[in-house]
Amino acid sequence: MTDYETATAFLGEWGRFQQQVFYLLCLSIIPNGFAGLSIVFVADTPPHRCLIPTHINLTAAWKNSSIPLEEDNHSGALVPSKCSRYKLEDLLSFSDRGLLPGVDVNLSNVATEGCLDGWEYDRSVYISTIVTEWDLVCDDRWRNPLTSSLFFFGVLTGSFVSGQLSDRYGRKKVLFATMAVQTVFTFIQVFSPSWTVFCAVFFVVGMGQISNYVAAFVLGTEILGPRVRTIFSTAGVCLFFGVGYLLLPLFAFFIRDWRMLLLGLTLPGFLYVPLWWYIPESPRWLLSQGRVEEAEDILRDAAKRNKIEPPAVIFDPLQKELQSENMKAHNICDLLRSPNIRWISVTLWLVWNTLTIAYFALSLNTSNLHGNAYFNCFLSALVEMPAYTLSWVMFRWCSRRLSLFLTLFMGGVFLLLIQLIPGDMIYVAITLEMMGKFAVTTAFAIVYAYTAELYPTVLRNTAVGACSMASRIGSIIAPYFIYLRSYSVSLPYILMGSLTAMSGLLSLLLPESYGMPLPDTITHMQHFPGCCRKTPYTLTHTEEKENNAERNEEKH
C-alpha cells in the first residue's frame, strides 16, 4: 500500500495505544504456556509394579520376591519388573509348603504372568495422573504418547482452519473465539470419565491453543510499528509464553492430582473476557478488506489515546487502487500458486517441522531427566527466558537468515554431542540438552517473526497458520522420539540433532527481510532465494521507470 507504515507514522512508536495493545496481547499468551505442556505432569508415568492382592495369603518372604528382576535399559542394573510377576498359584504353593525363595526354590525356574490384578503405583510424587487412573502402562503404554499426538492433531487442525478464518473474518474475532474454546474445553476435560473422552476433548483444546496464539501474534505484528513489532514478535509474546511455562511446574508442585491441576490451569482463562473491549481489530486487515473507514476510526481513536492530532486524510486515494487486489479472496492454495511463494512456503514448512520436533521432544522429555521432575521442567522453562531475549537482540540488529541458521545449527550440534558423554556424567548431558533447548527456543522465536515478515497482509495469518499446521507433523511424532528412549537413550538426540543442523543449512535459502517494510500484497514479497535479485518491493516508482526505459533501449 502507499506505505502503510508512512501513512500511520503520525501515531508514533510507543504511545499509550501501542502499550495497551502490546501488554494485553502478551497477557493473552500466558495460558498457552501452561496449557500446551501440562501433559508433562498430567500424563507422567510414575514407578509401578504388578499389584499383589492383599487377600492373597503369602508369607512376607514370598511377597517381597513376587516380582521378577530384569535388566534396566538405561543403567543396566537389575530392577523389579514393571509388567510381570511370578505366577501367584505357584507362589501360594511354595508359601504353603514353607519353602523359601532363592534358598529352596530357584526363582529363575518359576513361571511368570502379566499384571492380572492391575498395578501398584508409587504415590510419592503424584496423587494421580491419567496413567495411574486408566493404567496406561505395559501393553497399553502406547496410549501415553498417542495422548500428546492427538493434542497436536488438534493443533494441526486448528492451524489449518483458524488462519483462513482469521484472514476472512478478522484477527480479533478468531482470537477471542479460540481463547474461549481452549478455556471451556480444558474445563470439560477435568470431568473426563475415560481415556477416550479425555483424548477427544484434548484434541479440541489443541485446536484452540495454537489458534489464539497465532491470531494474537499476527494481530500485534500488524498493529505495532516496526521497532515495537520486533520486540513484540520475538521477546514479547515468547517471554509471556515462557511465564506461563514457568508457572506450570509451580502449579503442578502444589496440585498433585491431574484433575485439580487442569482445573487450576483453566480458571485464569475466564479472566480474559474483558480484554474484548480493549484490544482493537487490525487496521491493516480492515484496509485489505476495503473497510477503510473502520481502519481510520481505529487509528483516530489511537491518536486520541496518544494525545496526537491525526491528519484529515490518513489513507490517500492511491490506497483504493490497491484494494482491487486485496479484496480478492485468498486461501491456503495461494501459498503454492506461484514458484516464488511456493519455494518460500515449502522451505519454511520444513524448517518449522524440524524445529517443532526438537522443541516439543526436549520439552516433553523433562520428566525423564535425572532428578526432580518439577525442577527439571522449571529449568527447561527458565532456559527459554534468556533465549527469547537473545532472539529479540538478534532480530533487532542481525540478519534474519543468518540468525535462524546459527541458532538451528548450534542447537543441532549441542544435541549431537550428548551421545558422546559417558553415562556417569549425567549433569554434563543435561547441560548440553538445556543448551540445545536454548538454541532451539531462540530459533523458534525468530522463525515466527521471520515468517510474518516474509508474507503479505492478505495472506499473513493464513501463512503463519499454514507453517504452524505443517510443523504439527513434527509435534505429532515428537512424543514418539521420546518413546525411542526405551530402545536407545542416545537415539532421540542423534535424530533430533541431525535434523536440526540440516534444517539450519536449509534456512540459508530463504530471502532476507531485515530492514524491509511489511509486504501488503503478494507482488510485494521477496524473491527466493533472497540473494538472487532485487525485489519489486524495494524499487521506487522512479527506479521502475528507469528499469523499464533500459529494457526498451536494449530491445531497440
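Cβ from N, Cα, C; glycine included.
Since we're looking at a predicted model, the values are computed, not measured.
Here's what TrEMBL has on this protein:
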DOMAIN    90-515  domain 'Major facilitator superfamily (MFS) profile'
TRANSMEM  21-43  transmembrane segment
TRANSMEM  142-162  transmembrane segment
TRANSMEM  174-191  transmembrane segment
TRANSMEM  197-219  transmembrane segment
TRANSMEM  231-255  transmembrane segment
TRANSMEM  261-279  transmembrane segment
TRANSMEM  343-361  transmembrane segment
TRANSMEM  373-395  transmembrane segment
TRANSMEM  402-421  transmembrane segment
TRANSMEM  427-450  transmembrane segment
TRANSMEM  462-484  transmembrane segment
TRANSMEM  490-510  transmembrane segment
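Counting Cβ pairs under 8 Å that are 6 or more residues apart, the transmembrane segment (490-510) and the transmembrane segment (142-162) reach fewer than 3 and are not in contact. For the transmembrane segment (261-279), the neighbouring stretch richest in Cβ pairs under 8 Å, chosen from 231-255, 343-361, 427-450, 462-484, is 231-255. Three or more CB pairs closer than 8 A are found between the transmembrane segment (343-361) and the transmembrane segment (427-450), so contact between the two stretches is assigned (pairs 6 or more residues apart). The transmembrane segment (427-450) and the transmembrane segment (231-255) are in contact, since at least 3 Cβ pairs between them lie under 8 Å (pairs 6 or more apart in sequence). Panel annotation: around the transmembrane segment (174-191), residues 28, 31, 35, 158, 162, 165-166, 198, 201-202, 204-205, 207-209, 211-212, 215-216, 219, 259, 262-263, 265-266, 269-270, 272, 275-276, 279 of the same chain, lying at least six beyond its termini, place a Cβ under 8 Å from a Cβ of the stretch.
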